[in-house]
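Please read the structure below before turning to the comments.
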Amino acid sequence: MGCCSSAAQSSKREWKPLEDHSCTDVPWLLLFILFCIGMGFICGFSIATGAAARLLSGYDSYGNICGQKNVKVEGIVNSGLDLTHKKYVFFLDPCNIDLVHQKIKSIALCVSACPRKELKTLADIQKFAETNGSSLCSYELQPSEYTTDPRAAKLCPKYPVPESAPIPFFHRCAPVNISCYAKFAEALITFVSDSSVLHRLISGVMTSKEIIMGLCLLSLVLSMILMVIIRYISRVLVWILTILVILGSLGGTGVLWWLYAKQRMSASGLETQIAKDNLQALLIYAIAATVFTVILFLIMLIMRKRVALTIALFHVAGKVFIHLPLLVFQPFWTFFVLILFWTYWITVLLFLGTTGSPVPNEEGFVEFRMSGPLKYMWWYHVVGLIWISEFILACQQMTVAGAVVTYYFTREKRNLPLTPILASVSRLVCYHLGTVAKGSFIITLVKIPRMILMYIHTQLKGKENACARCMLKACICCLWCLEKCLTYLNQNAYTATAINSTNFCTSAKDAFVILVENALRVAAINTVGDFMLFLGKVLIVCSTGLAGIMLLNYQRDYTIWVLPLIIVCLFAFLVAHCFLSIYEMVVDVLFLCFAIDTKYNDGSPGREFYMDKVLMEFVENSRKSMKEAGRGGGAEGRELKPMASGASSS
């Protein structure tokens with residue numbers, strides 16, 4: 001892969017954007033490749049042991065695979081049959097579903113054809129077998145014995161036999177009427193209270209499918225438009241939000257003091273103890289609200305310059321998407337790769353469910369079970385789901401970081417590569433896959449314990465005491481917070497790697513130092529910026545939902561449009577989240593580049609800034625404020641001092 005030795009990386013401390021490239025965290029790349037080989041071994045093992053044939057062709061309760069000749073299973077009657085002409089699996093009682101073990105508790109047989117109409121009596125079952133050549137009773141009964149043999153009550157299907165049809169590619173006879181599986185949708189059934197409403201909801205979706213597709217396309221277009229225009233409205237939007245927050249806190253505090261004064265003036269000497277307690281509570285609430293409002297006002301006063309930086313970064317992020325339009329499509333490629341991997345993972349998981357040696361169970365039928373260490377393969381498979389999914393997401397972060405870093409540290413934008421995104425992907429594949437593998441593994445280490453605790457909490461729901469429940473929730477919450485912090489640090493570490501081509505630990509340490517030096521700026525960007533993007537998501541969902549209400553309202557007389565509207569709104573939020581998350585990622589990368597730029601450059605000859613004109617204006621305004629405040633000035637005057645000192649020390 002074009003990798004070379006990277007032993008000297010740990011001693012590289014000077015930031016040299018895009019000057020050289022070297023391989024990073026090669027041992028972790030080798031470990032990840034070995035892990036993927038292990039995932040491939042699980043897939044190959046399950047196919048080699050016949051799991052793929054059992055999954056696709058289906059098998060009966062005696063271990064016979066439908067549609068082929070079979071080998072006799074020791075101690076099992078009706079095994080080893082030639083079922084070449086019987087290609088479909090038929091369940092004698094398909095509606096007897098075991099929700100605990102998630103399987104159908106019924107004898108399974110291989111048949112020639114599925115019953116395409118309801119069979120109400122044994123005579124109908126016998127006639128179907130004689131007409132279609134498909135015996136629906138157990139193998140030891142001949143069709144002529146269906147109505148005369150007393151064993152038919154146990155060895156024939158429970159009647160009436162529902163109309164069924166084969167599932168495409170999986171050769172199972174499934175009832176056409178979905179009410180048979182109503183237990184799987186208990187929550188939905190209890191909500192709609194009867195199956196007729198469920199049918200009307202489904203028919204509403206089918207009737208409105210063209211409108212649903214059009215609204216989903218509308219949400220996609222709105223998201224792309226918002227990403228372009230957000231840089232023009234960011235300044236107005238931020239200050240509107242700031243004013244609304246201040247007015248809201250002042251209004252709430254004023255109402256609390258007004259209620260306290262009103263109740264105190266109307267109080268009499270005969271007031272009850274409850275009235276006194278309420279008056280005291282109002283006083284406490286009013287004081288707390290006043291303190292909160294004062295603190296909030298001071299924070300906004302101190303951070304108003306940082307808010308200006310957030311506005312400037314959003315403006316520059318809009319320019320990035322103009323110069324790098326392929327960034328807009330990054331969520332599509334990531335989602336497509338994730339879907340492919342998840343499809344593969346689910347397929348192998350289904351293979352594992354039918355892998356193993358045939359073993360007689362207590363009822364005399366065959367089950368396929370794995371023994372020894374092989375029965376723990378699904379744990380490895382689950383870890384693979386988390387690690388590889390996180391690896392794919394981390395590749396997206398590294399790709400975006402590499403492209404934005406190239407844009408920021410290229411002084412003449414005319415000299416940008418023809419496709420910075422593809423150039424970033426090329427650098428990722430050639431040099432930094434090991435770093436991505438290591439960062440995603442760290443997230444996996446935190447995510448697995450959290451998922452285990454969540455599973456334990458679900459299994460013990462209603463059984464554990466209050467103290468244990470509280471401790472479990474606290475541990476889950478702490479692990480979730482740790483995961484979010486590590487994800488944010490990882491993203492900045494990928495940016496540092498893209499800039500300086502250092503290994504993961506060195507990059508994470510360097511990025512952490514930069515973030516600590518600019519803690520207030522980070523807080524402003526992650527609060528104001530995230531809230532702006534959240535409002536953008538709300539705007540897209542509301543706009544799409546409003547359009548949906550107006551369009552679906554014309555069908556109100558002959559269709560239920562509640563479910564179509566919910567589907568549209570959920571899709572709109574998903575699309576908005578994908579697009580605006582890329583926008584947020586670009587802003588975070590730009591901030592780290594800006595912090596590094598101001599730390600190691602001061603605008604003098606030989607140390608010129610790389611930043612955009614909008615960010616340059618911010619720096620100039622900060623310097624003017626620093627001169628006005630003097631050497632002993634306040635927070636505004638010290639805005640650039642920590643980074644300036646870092647620059648002088650370098």
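Glycine residues also receive a Cβ, built from the backbone N, Cα and C atoms like all the rest.
Computed from a predicted structure; not experimentally measured.
These features come from TrEMBL:
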TRANSMEM  26-48  transmembrane segment
TRANSMEM  211-230  transmembrane segment
TRANSMEM  236-261  transmembrane segment
TRANSMEM  282-302  transmembrane segment
TRANSMEM  308-328  transmembrane segment
TRANSMEM  335-356  transmembrane segment
TRANSMEM  376-409  transmembrane segment
TRANSMEM  531-552  transmembrane segment
TRANSMEM  558-580  transmembrane segment
COMPBIAS  626-641  compositional bias 'Basic and acidic residues'
REGION    626-650  region 'Disordered'
Long-range environment of the transmembrane segment (211-230) - Cβ separation under 8 angstroms, sequence gap at least 6
205, 314, 318, 321-322, 328, 532, 536, 539-541, 543-544, 547-548, 551-552, 555, 564, 567-568, 571-572, 575-576, 578-580, 583
Same-chain Cβ contacts of the transmembrane segment (236-261) under 8 Å, 6 or more residues past its ends?
279, 282-283, 285-286, 289-290, 292-293, 296-297, 300, 307, 310-311, 528, 531-532, 535
Under 8 Å between C-beta atoms and at least six residues away from its ends: which parts of the chain pack against the transmembrane segment (335-356)?
39, 42-43, 45-47, 49, 51-52, 54-55, 59, 368-371, 374, 377-378, 381, 384-385, 388-389, 392-393, 578
